[in-house]
Every structure is written in C-alpha cells, then in structure tokens.
Amino acid sequence: MIVLILLLIFELYFLNRILKYFILSPIYLYVTFAIISIVSSVLYFYFFDNKFSLYSLDEVSEASFLNVIKGYLIAIMAFILGVIVYYDLSVRSIKKLFNKPYTHSLFIKYKLPNQTLWIIRGMFLFIIILYFITYGKDIFIRENYLPEKSRALIVIIKILSFVEVILLALVYHRHKLFSVFYFFIIVLFASGTGSRVVFLFLLVYVSILFISQGNTLLNKIKFAFQLFLSFLFLAYLMPLRKLPSHGIIPYVQSIFSPNDHFLNDFYFNIYYSIIFGVYVTIGTLKEAQPDWNIIFMSLNPLPGSMVGWYNYANDMRLNIFAPYSLHGRIFTMGTWFTIGYFFVTGLLFSFFEKKVRMYLNQRSRALAFIITLLLVLHIVYGFEYNLRSAFRYIYYAFFIVLMVYLFNIIKPYLPKKKSSLD
C-alpha cells in the first residue's frame, strides 16, 4: 500500500509538470474527485465512530476495506498513466495546449440580444404548463415521493428547464432581478418533484455566473460560497423523501419546521456523494461474478432494451437503491483488466481535455463547458453508480464532439447571408 501511495505521488508530480491546471480541466476534476473519495473514505472508516451504515454496507472488515482502497489506488494510477502516455505520443501543438493555463480564457461577459428575454418568458410559461399537464395538483401536495407520471414529459421538462437555467444565468449581468426571480420559480417547481436534478440546475447557474463576472478574488470567494450553499441545499433535498407528504407545499413548510438533524443530514450528503460508493464497491466484490457479457452490455452504446440490459439489471443490485458500482464491476474482472480499463479512461479524458482546450482557444466556451459537465456527470456516476449509467456520458460527450466536427465540415457549403451591397 505504501509503495502504491509513493508511486501515485510521483505520478501526480509528473502530471503537474505536463498539464497546467485550470478550473474546467476534465483530468484534474477526475483526479481531484478520486483522491477526495479515497482520503474521505479512509478517514470515515478509521475515525468516524457513528457510521451511517446505509443498508448495513458499512459493516466490513479492515481487510476488505483496504483491499478495495488498493483497487482505487491502482485505478487512479492507471488513469494518470493513460494521460501521460497520451501526452507523450501527442504532436508538439497538442503538448502546447496541455502546457498552457486556460483559466483566464473562461471569463467573459455574455451579450445576448434583447429577444432572449422573450424566449426565456415563453419557455418559462411552457415549462410551467408542462408541470401542470404532467403532475396536476400533485406538484403542490401528494402522498407518494415519486408518483407514476409520463416519463417522456418529465424528461422534456428537465431538458427545457436546463436550457432555461443556462439562459437565465447568461442574462444575469444585465437583468439581475429578472434572472433571479425566474430561476427561483424554476428551482421551486423542480424541487416539488423531489428530483435531485435541481442541484445540477444550481451548479450550472452559479458556474455560469462565475465565468461571466471576471477573474477576481471577490468573484472566486462568491463562487466558493455559492457552491457551499448549493451543497447545503442538496443536504436539504436528501431527507425530503422521508416526509409523510410531498410536493412544493410540504417541502417549503419543512424549511420552517424545527430540524435538529440538519447537520447530520449535511454529513450524510457528503458521505453519500463521495464515500458510500466505496462500500458499494466492497459489496459488489462480494456478490458479483466476472462476466464478459455484462461488461460488453455495459459498454455498448445501443439502448438497453436492444442489448438485453434490462434482463440483468435487477439482478445486479445490492438492494433496491444500490446497483453494483462501476469500480466493483471492473475490479471483479481482475487487476490487469482494471489497469487496462482505467488506462483507456485516462486516454479518453486526455482526448476530451484536448478538445476542451481547443474550444477555449476558439472562444467556444459553451462547448467547453458542456463537455466538462458531461464528464463531471461520468465522474460522479462512476464513483457511486453502475458502469453502464456512468459510461453513457462518455458517449454523449463524443456525440457533441462529432456534431461539432460535422458542422465545421459542412459550414463552408452553407448558404451565406447576402449583404445589402450585393
């Protein structure tokens, strides 16, 4: 274990030499999250006496725990090795991209046409109408946490709300009150559904505000504070499913009711986000068997119904809430497969790192942000959910890159707008 830690420190030193840090770096986001997860899990195992023991998964032996931590160390080392190899095999121009800091390139004040406000109003009204069509009065108060509603309409609401949040953040600089008011209503309705996607809305909103208000110390302090508030809000969202009634009204009422367990809920949120996945991995190693068919199905980009995923999904769970984890599934296949999988993941993240930096060079900040956001979702899902659910975000990111590539090919052949002098 000591040897692995020393080798990891050496790799981190080498990584810092070849890759300049900036806030949207997919590679540094992955490495940072992985290290935080490992360190937090070790501290929790040895020094946190009143363990949450969610579904009794925390009840493991020291040998089982250290064996999984060893697997995580091997995984992150293989990931960084993939990054180093990608850099070493890259041409000089790509190496220059990796050597250049891009933090200053992120900051810009967006100027959108006035028609954007009408688009926001129209989309907002449409979203609210969809809420009432989908949920009816249940959006305000209901008995079930997640009622049986049209999944298609719910997905449409989430996508439109996500676009609305981005637009509201972009107009904040010139229309602060307008932006905050509409954003508050979107968050209120999204919270009423019980979905944690509202946390993603908060992250996107404050992140866009951050990059649109300049590279100043005050802006960085505000951003850090806003992120802290976002995680507090997530701590508030987590226990809502335990309430006897659900919807906007009971959720708002719960804010003003005495809650002696809020601090505990906040700690639980940290545990669930970055530590729980380690114990799910331990449980996965105990129950899962090596199965190449499952690996192929998990990595297959086709819909789950076409590859037979749903014939196996229910059997690949520790309980109704905890599916076999990505790391557990990979570790089950052996050390060499673990090294190979995370080495390739390092290569893939290096490719996207290159693309993000190229988009920033081209002042395509929105594209860089979208790619990074998709990779962040892969990271988070990868440390607490199953392989198929996490890896699909890699495919989504590839799809965005492919669409941009194809658009750049056909762009010269598109009809150009004629000037008034023609």
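Just so you know, the numbers here start at 1 and follow the chain as drawn.
Cβ atoms here come from the backbone N, Cα and C positions, even for glycine.
TrEMBL: automatically predicted annotations, no manual curation.
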Select from 95-117, 118-140 the stretch of residues annotated by TrEMBL as transmembrane segment.
118-140
From the ranges 246-265, 266-285, grab the one TrEMBL calls transmembrane segment.
266-285
When you scan the chain for residues with a C-beta under 8 Å from the transmembrane segment (292-310), skipping those not six or more beyond its ends, what do you find?
316, 329, 333, 386-388, 391-392, 395
Which range out of 27-47, 152-172, 393-410 gives the transmembrane segment (118-140) the most CB pairs under 8 Å?
152-172
Who are the long-range neighbours of the transmembrane segment (68-87) in its own chain, taking Cβ under 8 Å and residues 6 or more past its ends?
1, 4-5, 7-8, 11-12, 14-15, 18-19, 27, 30-31, 34-35, 37-38, 41-42, 94-95, 98, 278, 281-282, 285, 327, 330-331, 335, 338-347, 349-351, 353
Same-chain residues at least 6 beyond the ends of the transmembrane segment (266-285) whose Cβ lies under 8 Å from its Cβ atoms:
33, 36-38, 40-41, 44, 52, 54, 57-58, 60, 64-65, 67-69, 71-72, 231-232, 234-235, 238, 318, 322, 324-325, 327-329, 331-332, 380, 383-385
